[in-house]
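Written out below as structure tokens is the structure these notes cover.
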2 protein chains.
Amino acid sequence: MPGLPKQKVTIIGSGNWGSSIARVCAQNTIRHPELFEREVRMWVFEEQIDGKNLTDIINEKHENVKYLPGINLGENVVAVPDVQEAAKGANVLVFVLPHQFVYKVCESLRGVTDKDCRAISLIKGLDYKNNNLLIFSEEIEKILGIHCAALSGANIASEVAEEQFGETTIACRDPKDGEIFYRLFHTDYFDVNVIGDWRGLQVCGALKNVVALGAGICDGLHYGNNTKSAVIRRGLLEMRKFGKTFFGGVHTETYFESCGVADLITTCAGGRNRKVAAAFIKSGKSIEEIEKEMLNGQKLQGTTTSQEVYHFLSARNMTQEFPLMTAIYRVIYEHAPPESIALDLRTRNVKVDME
Amino acid sequence: MPGLPKQKVTIIGSGNWGSSIARVCAQNTIRHPELFEREVRMWVFEEQIDGKNLTDIINEKHENVKYLPGINLGENVVAVPDVQEAAKGANVLVFVLPHQFVYKVCESLRGVTDKDCRAISLIKGLDYKNNNLLIFSEEIEKILGIHCAALSGANIASEVAEEQFGETTIACRDPKDGEIFYRLFHTDYFDVNVIGDWRGLQVCGALKNVVALGAGICDGLHYGNNTKSAVIRRGLLEMRKFGKTFFGGVHTETYFESCGVADLITTCAGGRNRKVAAAFIKSGKSIEEIEKEMLNGQKLQGTTTSQEVYHFLSARNMTQEFPLMTAIYRVIYEHAPPESIALDLRTRNVKVDME
């Protein structure tokens with residue numbers, strides 16, 4: 001990239017996924033010294049582990065002992081406890097933190113980031129505000145006044161950290177940004193494809209968690225493969241329809257990417273949304289109780305998104321057009337019979353679609 | 001359907017899937033007496049069970065004790081040991097038999113079927129002849145001189161027989177045929193969608209078995225979810241590219257149908273192609289040995305299709321354009337390292353596809 005200054009990379013976030021992705025970036029800043037500064041800064045929310053600062057442990061052992069134990073992040077990952085200090089002078093900001101912290105952290109970076117800085121969001125979910133669903137990369141753009149791309153794919157963090165082969169999708173407006181992000185994230189084991197549809201990518205990342213609840217409900221009912229794959233397929237169709245109906249230029253091709261069908265398959269096969277929904281059906285307990293038991297009090301992404309999607313559709317009188325999303329919400333929050341997850345998908349009239 | 005004579009339905013085949021689908025048809029001929037004759041004839045290759053004819057057992061007990069034990073087919077399913085007698089006077093022929101018997105059976109029906117008879121093929125796979133891949137519904141059309149539709153979907157036969165909810169796809173040229181087939185196959189638990197792309201549907205039905213071998217190789221190597229879903233996604237892309245490159249008018253939408261992504265998910269989750277491929281990797285034995293051990297000597301569909309696809313691509317110098325299909329063939333038949341299943345998918349250059 002002639003004319004481009006050496007890019008300084010900062011990771012905003014240091015959980016399981018943040019640490020895995022910091023490791024990928026740190027390998028690539030070494031691999032492409034013409035493009036990147038070697039050092040990758042990582043903002044770490046400071047906490048004490050056995051009386052020591054987590055940042056100090058990371059900087060000594062090159063390991064995030066709390067969120068990604070047993071994995072060497074690379075000596076060029078530098079943990080920084082102050083988010084402004086971490087972001088100062090950065091040319092690339094990688095946002096990878098729970099969605100409830102996005103606004104606060106972004107606000108604290110207002111005025112700190114350079115104007116020619118570029119960002120990429122690895123945040124899952126959509127933001128629900130004033131009965132609207134907002135795309136996080138666009139929210140970051142608004143707050144910081146910089147371009148923000150997005151990355152999403154069938155990426156279980158621990159598998160990426162173990163260098164098991166996988167794929168991901170990056171979406172951005174500007175092909176030049178796409179090339180920089182490709183070089184920052186692509187490795188032999190982490191295969192990157194760059195597309196233009198940042199909205200479709202983020203719609204997929206949010207709604208697949210709702211579909212995974214549906215897959216979990218099927219498992220809880222001991223339904224077979226035919227039913228479960230019907231639910232997953234209808235989920236894919238509703239994800240696409242949702243994107244096209246409410247987010248304009250969303251492309252069908254996006255749903256063939258890793259962020260689309262592949263992430264959906266992975267999330268519906270494993271994933272905690274599926275597991276909690278299955279336990280919800282089998283146990284008769286509330287989602288909150290099961291979250292406490294299975295997730296150590298953490299909240300599921302899919303249930304929140306399910307509620308938001310339902311309220312969003314209700315406000316537009318469109319629940320009937322998304323029967324699976326609606327059935328999932330009603331099973332979980334309105335005591336609808338769990339069997340409705342499949343029964344509500346039944347068509348009643350001849351539908352001959354000869355294209 | 002005004003003006004249409006009452007349709008007489010004959011099932012050609014009586015294995016596990018043939019018996020399940022005969023049961024579905026028999027329910028619908030009762031449900032739609034204005035459109036169908038009540039009786040559904042089923043051609044059964046005669047064999048002896050404890051000294052009795054299988055056809056006699058089916059006609060007395062209304063159960064195919066050999067291929068679908070424990071399931072009542074309906075008293076209006078009538079087993080007929082002679083294929084010509086079974087097909088005589090039929091308005092609808094449902095072909096559901098192993099692909100190696102198709103030509104012989106069709107030849108024996110030449111001249112027996114009425115000209116206004118319509119057929120539907122539930123045969124999986126493509127026919128490999130003179131280094132070409134042929135579509136079975138089109139082969140049936142050629143031999144019998146009648147229209148032939150096709151049905152394929154995420155349909156494990158035993159689950160359909162147990163009336164677990166599932167979906168399927170029917171593809172045909174003529175919307176009127178589509179309406180008749182919809183009424184013959186659609187039930188509350190077996191949801192039918194009718195499309196026009198019979199070639200795409202049958203390409204999916206054949207190639208998903210090859211992709212399932214890839215998923216099985218991943219399992220045999222204890223690969224994680226990221227890798228497996230990458231293989232399945234690349235498989236879906238190659239299935240689509242194969243259809244579009246070699247079978248002309250194939251539609252992207254077909255891959256969103258039950259015959260596409262849903263059947264692929266089901267086949268890669270369970271399915272004997274996946275299981276045998278996993279055992280092949282783990283055991284070091286040949287595919288033939290494992291077929292003997294696990295399938296009682298029956299042959300896998302996926303391995304045959306894999307060979308055929310590979311030879312078809314080789315003859316056209318196009319193996320490089322289908323890296324997953326090629327890697328699967330080479331792992332199974334040419335002792336290529338099994339890891340190539342993932343490694344051969346890696347891209348080497350920035351690919352920015354802004355659409």
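Backbone N, Cα and C atoms are what each Cβ position is placed from, and that goes for glycine too.
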Which of these, B:ALA157, B:ALA212, B:ALA215, does TrEMBL say binds NAD(+) at the same site as B:GLY13, B:SER14, B:GLY15, B:ASN16, B:TRP17, B:GLY18, B:PHE45, B:PHE101, B:ARG272, B:LYS299, B:GLN301? B:ALA157
Roughly how many angstrom lie between the C-alpha atoms of B:ARG272 (substrate binding site) and B:LYS208 (active site, proton acceptor)? 12
If one measures from the C-alpha of B:LYS299 (NAD(+) binding site) to the C-alpha of B:ASN273 (substrate binding site), what distance in angstrom results, rounded to a whole number? 10
List the same-chain residues at least 6 positions away in sequence whose Cβ sits under 8 Å from the Cβ of B:ASN273 (substrate binding site), in sequence order, or say none. B:ASN209, B:VAL210, B:ALA212, B:LEU213, B:GLY216, B:THR267, B:LEU300, B:GLN301, B:GLY302, B:THR303
Could you tell me the C-alpha distance between B:PHE45 (NAD(+) binding site) and B:LYS124 (substrate binding site) in angstrom, no decimals? 19
Enumerate same-chain residues with a sequence separation of six or more from B:LYS124 (substrate binding site) and a Cβ-Cβ distance below 8 A; give 'none' if the list is empty. B:HIS99, B:SER152, B:GLY205, B:ALA206, B:ASN209, B:GLN301
Look up B:LYS124 (substrate binding site) in the DSSP assignment and reduce it to helix, strand or coil. coil
